[in-house]
């Protein structure tokens, strides 16, 4: 079906800028953008349907490029404990922290994990999200990592949403491998990753590179295996300390390196040269009350593409609003509203390996967009909370009004 969408203004986000078109029109067909530009320049078109968008501002569908949306259990009790002065180490000694999420995720059935993840993902969708990434990493063994990745595939099958599934088996050390990190990495490389990739459950491979998780040398072994399997890589890096994990990620042409509060100028240069996207996660920064800011000036100076994401997870960023992350990116990290919107559209698409098809409104790209009843694009980062009036279109078909 060919649809003409008109009476709107468009922030195309081409090249990471608003690249605004006022009094615009969009023609979609077969799920793609067939034409976009000033309405006055549109030649007569035979459309099956014409939609008046009422003067709305149209942006690409929002992309949440870093989530841990599939998990069992709830850690709000730990949140209360931390606010009462209990340290993370004390909580962990009591069996809390990520270990509690691993236990709950292992105990949950696939259907239970799907039901809870569906609710969280639908909350993100209400903010205009049309594409997101879902990581595993709370199973930490083959059966349970498979279970999590199967849920990610089910979310894509049952919701009007594009989902990229990332294997994060190297998220933490499972209890059965206590004190044997090298053995666990070998297990991932030799057994888990080949099996999961062979089942078509993995779009990318991620790891957590930190003193409390895995070393750069251990991560590199995983990256070598991912390369053998033809899988792109990503990395949690420089969140709590500087191990130059982001430079390691760049050496393997990673799609992204994420967090990055402690990255150096040298890391920024490496990422820029490799085209690796910097994914900033202000929700975790806020929730943990951190003070070390990502080096925004270095990222800008060297031309590193900057994305924003929710980091939705039960322990450090239980955030169900990507629009809130736009505001946090501006207020916490001093991003401009234009940079923030690029961070959840065009640069987020690149961070998922979808830059050729998603993230900006251009001819030939997927017709995912949101028509917002706002005065200007900056309003998306300005308003805190609430459900802004909007119409969400995925692959040329309206999914909400």
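Backbone N, Cα and C atoms are what each Cβ position is placed from, and that goes for glycine too.
Note that the coordinates shown come from a computational prediction; the quantities given were computed from them, not determined experimentally.
What Swiss-Prot annotates here:
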BINDING   66, 68, 236, 311  Fe(3+) binding site
BINDING   66, 68, 236, 311  Zn(2+) binding site
BINDING   75, 138, 171, 239, 316  4-imidazolone-5-propanoate binding site
BINDING   138, 313, 315  N-formimidoyl-L-glutamate binding site
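Location within the structure of each feature annotated in Swiss-Prot.
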| residue | record | Cβ neighbours (10 Å) |
| --- | --- | --- |
| 66 | Fe(3+) binding site | 31 |
| 68 | Fe(3+) binding site | 26 |
| 75 | 4-imidazolone-5-propanoate binding site | 22 |
| 138 | 4-imidazolone-5-propanoate binding site | 31 |
| 171 | 4-imidazolone-5-propanoate binding site | 24 |
| 236 | Fe(3+) binding site | 30 |
| 239 | 4-imidazolone-5-propanoate binding site | 25 |
| 311 | Fe(3+) binding site | 26 |
| 313 | N-formimidoyl-L-glutamate binding site | 25 |
| 316 | 4-imidazolone-5-propanoate binding site | 20 |
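Each residue contributes its Cα atom, and for residue 315 (N-formimidoyl-L-glutamate binding site) and residue 75 (4-imidazolone-5-propanoate binding site) these two points are 6 Å apart. Each residue contributes its Cα atom, and for residue 138 (4-imidazolone-5-propanoate binding site) and residue 68 (Fe(3+) binding site) these two points are 9 Å apart. Between the CA atoms of residue 239 (4-imidazolone-5-propanoate binding site) and residue 313 (N-formimidoyl-L-glutamate binding site) there is a gap of 15 Å, rounded to the nearest whole number. The closest partner of residue 171 (4-imidazolone-5-propanoate binding site) among the binding-site residues, by CA position, is 236; the full candidate set was 66, 236, 311, 313. Among 75, 138, 171, 239, 316, the residues given in the record as binding 4-imidazolone-5-propanoate, the maximal Cα to Cα distance rounds to 21 Å. A separation of roughly 15 Å, to the nearest angstrom, links the Cα atoms of residue 311 (Fe(3+) binding site) and residue 75 (4-imidazolone-5-propanoate binding site). Among the binding-site residues 75, 313, 316, the residue whose Cα lies closest in space to that of residue 66 (Fe(3+) binding site) is 313. Counting in whole angstrom, residue 75 (4-imidazolone-5-propanoate binding site) lies 21 from residue 236 (Fe(3+) binding site) by their C-alpha atoms. Rounded to a whole number, the C-alpha distance linking residue 68 (Fe(3+) binding site) with residue 313 (N-formimidoyl-L-glutamate binding site) is 5 angstrom. Residue 236 (Fe(3+) binding site) falls within a strand segment according to DSSP.
Classification of residue 138 (4-imidazolone-5-propanoate binding site) by DSSP places it in coil, neither helical nor stranded.
You'll find the Cα of residue 316 (4-imidazolone-5-propanoate binding site) roughly 14 Å from the Cα of residue 236 (Fe(3+) binding site). The two recorded residues residue 313 (N-formimidoyl-L-glutamate binding site) and residue 236 (Fe(3+) binding site) have their Cα atoms spaced 14 Å from each other.
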